[in-house]
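Beneath this line is the structure, given in structure tokens, with notes to follow.
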């Protein structure tokens, strides 16, 4: 009788350790996923900043603005250059 109780308690202790380790691994995986999402979002923002400036975006020369936009000389923002071609 004592050996059955001992084996049952040992089994429960082992199960608790395995579940705890699994929960820790799950938390670490969740942290990695969230970190990857934040890094991807940061990279996307940086990529947008490296690209051209959109309409009414700040600029210092025409090359800063997107296609069909030019840098307004007085206000230093991108405005339409009057073209329609693709």
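Cβ atoms are placed via backbone N, Cα and C, with glycine included.
Sequence annotations record features per position, and here Swiss-Prot assigns signal peptide to 1-21 based on sequence analysis.
Per Swiss-Prot, the feature disulfide bond maps to 52-66 (among others); the stated evidence is similarity to another entry. Look at residue 52 (disulfide bond): DSSP puts it in coil.
According to Swiss-Prot, the feature disulfide bond maps to 59-71 (among others). Note: residue 71 (disulfide bond) has non-local neighbours 59, 60, 61, 62, 64, 65, 77, 78, 79, i.e. same-chain residues 6+ apart with C-beta under 8 A of its own C-beta.
Look at Swiss-Prot and you will find 65-78 (among others) tagged as disulfide bond. Under DSSP, residue 65 (disulfide bond) is assigned to a strand (E or B) in the three-state scheme.
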In all the protein chains shown, the tally of other Cβ atoms within 10 Å of the Cβ of residue 52 (disulfide bond) is 14
Are there any residues in the same chain, six or more apart in sequence, whose C-beta is under 8 angstroms from the C-beta of residue 66 (disulfide bond), and if so which?
-> 51, 52, 53, 54, 55, 78
